[in-house]
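Undergrad: Sharing a structure here in structure tokens format.
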Protein chains: 2
Amino acid sequence: MTSTEPLRVALAGLGTVGGGVIRLLDANRDLITRRAGREIEVVAVSARDRTKDRGFDATRFAWVDDTSALANHQGADVVVELIGGSDGPALTLARATLGAGKGFVTANKAMLAHHGLELARAAEAAGVPLKFEAAVAGGIPVVKGLREGAAANEIARVYGILNGTCNFILSKMEMPDEKGRARDFADVLAEAQALGYAEADPTFDIDGIDAAHKLSLLASLAFGTTPAFDDVDAHGIRQVIAADIAEAAALGYKVRLVGVAEAGAHGLFQRVHPHLVPIDHPLAHVTGSLNAVVAEGNFVGRLFFQGAGAGDGPTASAVVADLIDIARGEFGPAFAMPADSLDVASKADSGERRGRAYLRFTVEDRVGVLAEIAAAMRDAGVSIESLIQRGGHGDDAGAVLVAIVTHDGPERCVAQALEKLRGSSSLAGAPLWMHILE
Amino acid sequence: MTSTEPLRVALAGLGTVGGGVIRLLDANRDLITRRAGREIEVVAVSARDRTKDRGFDATRFAWVDDTSALANHQGADVVVELIGGSDGPALTLARATLGAGKGFVTANKAMLAHHGLELARAAEAAGVPLKFEAAVAGGIPVVKGLREGAAANEIARVYGILNGTCNFILSKMEMPDEKGRARDFADVLAEAQALGYAEADPTFDIDGIDAAHKLSLLASLAFGTTPAFDDVDAHGIRQVIAADIAEAAALGYKVRLVGVAEAGAHGLFQRVHPHLVPIDHPLAHVTGSLNAVVAEGNFVGRLFFQGAGAGDGPTASAVVADLIDIARGEFGPAFAMPADSLDVASKADSGERRGRAYLRFTVEDRVGVLAEIAAAMRDAGVSIESLIQRGGHGDDAGAVLVAIVTHDGPERCVAQALEKLRGSSSLAGAPLWMHILE
């Protein structure tokens, strides 16, 4: 049931995204009122610094120093949380808001990955909306795409590029520098930090944690399972070197950090890992800080969504889309079905998976190294499709690179081979294992 | 307000898509019930032949011979119309259903392009849903993407590949035949017909009418304007020859039939036309019978949606997504805002538009022809970026091809140049004008 009264919003956090939400509501006010059927009005805000210049007049809003007090702000129907963090003030605010019977909109993937089920239950108990379009893939309406657009389908697999920082870095590494040399990870990370595409502490992004948060939410929506962040195998891109990107290119692939979730008889499989993506796959063309998500449904086939995965404008677009849904009265259970209907899936054993792998070793340049690697593969039953050995690469001209592509086979065998080689004095560093996306 | 009673559906049309809806509801029944919060149950159907083998038991449904009687079928809450046609039985059924205060779901782009405003008004008057996800781009949830996902944005432009038959043909024309020769339109059309990708009478598809129907619906959703099919300039791909695709490739482009809608101070611009799409644009990678839509919002930036644009599975997926929305009680005005709030936009004058153009002439091989073309361009003020003249192509080895790429300039000038050349005895056929997508 909609109303013609304004939808009154209390906003926690006036950083990049919070500022974006205010600017969007100001810029597109009339349009939003027409589409939502009523005004969306920010009535109160809570942020650290009241006097900071944000490009708009923040003094026109009621200012609430204690963030959690927004939950009980008399004039508000909905609280928007844009302060972040899986616990702490964000979680306190979420619980208080839903407990007070008000709607809650958030961009906080970490909090939902850890506490989504509890919050969804609280929202249902209160009969109020809990919405989080902005938490996954920024401006791309992929929460809606899974929850509603693909709702008629059994989803076999959902996967995508979920972290713009990593994709920016990997895309840059593909491009030679002005001296025509491939660029290594550390060099490009520094540039990304200077440009604002990576945080000063980039751990959550480049180690795959942020993508894992998002993947756990996509998996829940796709498979009707409870969010299970702890069951995501998360790996990042620190180990990827320029030579990997060059070898991948020579084989017809791009390197991308891909989050993959798959439901099967063996349980729920969720992994964030650098992948070799075939050049004719749409994910291979996702460059820079873009995000993209693929959902494979049993009737719709392959759906592909692409857009800006971060930034104030795109994220604000997703937050306000949620507010428009609420203003229209078009909302329901957060995870596409009542929280108590969600299945608790067991974690699939990745060793049971089959696939092709790219394995790269950096080795000492001496007799017998190749034989040692080849023997470890043979003993573990890993069948080799191609092997390339190359002398000196990058800054470490003394080291030798061995890149192997395996035939399709069980991941367990590859893991055994790598385990056997662990600590070998022949290896100059830990090997890199990338999966080949089929 | 949702109910726990089943949502009862009467279905008109048991052809490819109608059969797909039944098969989908059968296959994914439990999943859909969990997601929708209640069962979705087909209670009555109307189709031509009751005894035809459709791969499922159609005798379990109440069979209604008079299609329009479905509107008043006592057991039904919603009617799904999958019989097609802009007028006739489909329109009669739509009016009767909404008049009877029941919801209406359709895949009928032609009917909505012509009568969408009237039907949206009728649905609002009755307080019932009118939904049409399947009418645009098959299984891709792009109606939802614009109506809801991008709802916070002012959309500057919406465009895409909206006809799978044309895209299949153009993609095939890119690939040489077994003798290494480029393939011409008629040859590939015959193959597409044999494979079921093109109708026996392919006019609606290959002349751009089907894409124009869909574009008029996207434009309404994107710009908050009444559907204005009559204002779409629709052109098709009959004129595209293998040599055009080869010239485009040499210049770094793919040829695609693109529908473009743009709102501006000069009115609403809507055109379906073959375009040269830069190879680094996502639309260039949309091959085969896929569809794709791009929406450019002032906060979200460029959103890109891709998927299957036709076929029983994808279209059924979209129809049932609409039914799930209705079962959940999550629906509102058909065109994103109340019908009486939609603006009536004037048609923009395409002559005012600027851009680069590809112009191809097939000419007699004689002295002075090139001078005549060049003079016509000069007199109309068209600035030429590149010009290629090639001897004998395809089956018509005596003819000469002249392909021109213009600098950015007003379309009016190009039109004047072509008008001046019209009927010239130097030309062996009508010239082809393709716009270059920027």
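Just so you know, glycine gets a Cβ as well, placed from its N, Cα and C.
Predicted automatically and left uncurated, TrEMBL annotations should be read as such.
From a predicted model like this one, the values you see are computed outputs, not experimental measurements.
For reference, TrEMBL lists these features for the protein:
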type     : residues                                                               : note
BINDING  : A:ALA12, A:GLY13, A:LEU14, A:GLY15, A:THR16, A:VAL17, A:GLY18, A:GLY19 : NADP(+) binding site
BINDING  : A:LYS109                                                               : NADPH binding site
BINDING  : A:GLU199                                                               : L-homoserine binding site
ACT_SITE : A:LYS214                                                               : active site, proton donor
DOMAIN   : A:358-438                                                              : domain 'ACT'
Undergrad: Can you work out the mean pLDDT of the predicted model over the domain 'ACT' (A:358-438)?
TA: 91
Undergrad: What other residues of the same chain, not counting A:ALA12, A:GLY13, A:LEU14, A:GLY15, A:THR16, A:VAL17, A:GLY18, A:GLY19, have a CB atom within 8 A of the CB centroid of the NADP(+) site?
TA: A:LEU11, A:GLY20, A:VAL21, A:ALA47, A:LEU82, A:ILE83
Undergrad: Roughly how many angstrom lie between the C-alpha atoms of A:ALA12 (NADP(+) binding site) and A:LYS109 (NADPH binding site)?
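TA: Here the two Cα atoms lie 16 Å apart.
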Undergrad: Given the recorded positions A:GLY13, A:LEU14, A:VAL17, A:GLU199, A:LYS214, find the one whose Cα is closest in space to the Cα of A:LYS109 (NADPH binding site).
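TA: Result: the closest of the recorded positions to A:LYS109 (NADPH binding site) is A:LYS214.
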Undergrad: Reduce the DSSP letter at A:THR16 (NADP(+) binding site) to three states and note it down.
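TA: A:THR16 (NADP(+) binding site) sits in a helix per DSSP.
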Undergrad: Quick one: Cα separation, A:THR16 (NADP(+) binding site) versus A:LYS214 (active site, proton donor), in Å?
TA: 20
Undergrad: For the domain 'ACT' (A:358-438), jot down how many residues DSSP puts in helix, in strand and in coil.
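TA: Helix (H, G, I), strand (E, B), coil: 23 helix, 30 strand, 28 coil.
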Undergrad: Could you measure between A:GLU199 (L-homoserine binding site) and A:GLY13 (NADP(+) binding site) for me? Cα positions, answer in whole angstrom.
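TA: Rounded to a whole number, the Cα-Cα distance is 18 Å.
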Undergrad: Among the binding-site residues listed here (A:LEU14, A:VAL17, A:GLY18), which has the Cα closest to the Cα of A:LYS214 (active site, proton donor)?
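TA: Sorting the binding-site residues by distance from A:LYS214 (active site, proton donor), the top entry is A:VAL17.
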Undergrad: For the residue listed as 'L-homoserine binding site', what is the secondary structure by DSSP, using just helix, strand and coil?
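TA: Where the residue listed as 'L-homoserine binding site' sits, the three-state DSSP reduction gives coil.
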Undergrad: Where among the binding-site residues A:GLY15, A:GLY19 do you find the Cβ with the fewest other Cβ atoms within 10 Å?
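TA: Sparsest of the binding-site residues A:GLY15, A:GLY19 by Cβ contacts within 10 Å: A:GLY15.
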